[in-house]
Amino acid sequence: MGVAGEKLTTPASGDVAAGAAPAVRHVAIIMDGNGRWATRRGLPRAEGHRRGVEALRRTVRAAVDIGLQYLTVYSFSSENWRRPAAEVGALMGLLRLFFRRDLADLERINVRVRFIGERGGLQDDVRAILDEAERRTARNTGLNLVVAFNYGGRQEIAAAARRIAELAAAGELKPEDVGEELVGRMLDTTGMPDPDLVIRTSGEIRTSNFLPWQTAYSEYVFTPVLWPDFDGEALGAAIAEFTRRDRRFGGVGETGVQTGGGEEA
């Protein structure tokens, strides 16, 4: 990650106006398409991941410029361990390089870094990098950059259920104490607002075990743009699409149509 050329301190590309706070607080992105981007150009998949890091830099800069409060990115899923060992190793190497080279820039532009996902089983130096990034940016008050690393949504919910069961077994909880608020507090994302908008790049239309609890009422934008080509303009287009939608959260929208259950009609 740390490729020369792009810097977090450079202006964001695209048509997102700097300082223009959008009607969205929290954008989550499933960064997809690095491998296909490389394959179409006759390049190794590792080069696609390297270019994906440049896209992450552009997107973080754009998010800062438009005043987003939270940007959550799906960088490595718990299922990604099934990929070839060489590719997994390259991804871990990019993580190391990115935070070694870019952490100072993140500090300088007032970004707070937070990781969600399972840290057990990660190499010691990787865990140390995650811990250092969180520690050094903990007092920053700008964009919250949330990196989902070794993350799986079902696993997160199962872990929350285990914690609740342990509290109940210890006599610290009654059945009537268990509700949405308690479950939310047991998740990795406790204290964060749910995503307003989820963007998935590459044209794939699925959620891939990403924040299933937190995205119950999120709006989705599926863009054909491959992640290495994503930039401030693509982010702005997705946010513009979001602002045109009527979010009803199971209630009555501007059309006057009553929705049923948890569905929006």
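Glycine is treated like the rest: Cβ placed from N, Cα and C.
What TrEMBL says about a protein is an automatic prediction, not a curated fact.
Long-range neighbours of ASP32 (active site) (same chain, six or more residues apart, CB within less than 8 Å of its CB): ARG200, THR201, SER202, GLU204, SER208, LEU226, TRP227. Sequence annotations record features per position, and here TrEMBL assigns active site to ASP32.
Long-range Cβ contacts of ASN80 (active site, proton acceptor) within its own chain (separation 6+, distance under 8 Å): VAL88, LEU91. For ASN80, the entry in TrEMBL reads active site, proton acceptor.
Marked as Mg(2+) binding site by TrEMBL: ASP32, GLU219.
Residues or ranges marked as substrate binding site by TrEMBL: 33-37, ARG45, HIS49, 77-79, TRP81, ARG83, ARG200, 206-208. Cβ environment of HIS49 (substrate binding site): ASN34, GLY35, ALA38, GLU87, ALA90, LEU91, LEU94 lie under 8 Å away, each six or more residues apart in the same chain.
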- If you measure TRP37 (substrate binding site) to GLU219 (Mg(2+) binding site) at Cα, how many Å is it? 26
- Task: Using all protein chains shown, find which of the binding-site residues GLY33, GLY35 scores highest when you count other CB atoms within 10 A of its CB.
- Result: GLY33
- Could you say whether, by DSSP, ARG200 (substrate binding site) belongs to a helix, a strand or a coil region? strand
- Spatial neighbours of TRP81 (substrate binding site) that are distant in sequence (at least 6 apart) but have CB under 8 A: VAL88
- Task: Can you tell which of SER78, THR207 has the least company, meaning the fewest other C-beta atoms within 10 angstroms of its C-beta, among these binding-site residues?
- Result: THR207
- How long is the line from the C-alpha of GLU219 (Mg(2+) binding site) to the C-alpha of THR207 (substrate binding site), rounded to the nearest angstrom? 12
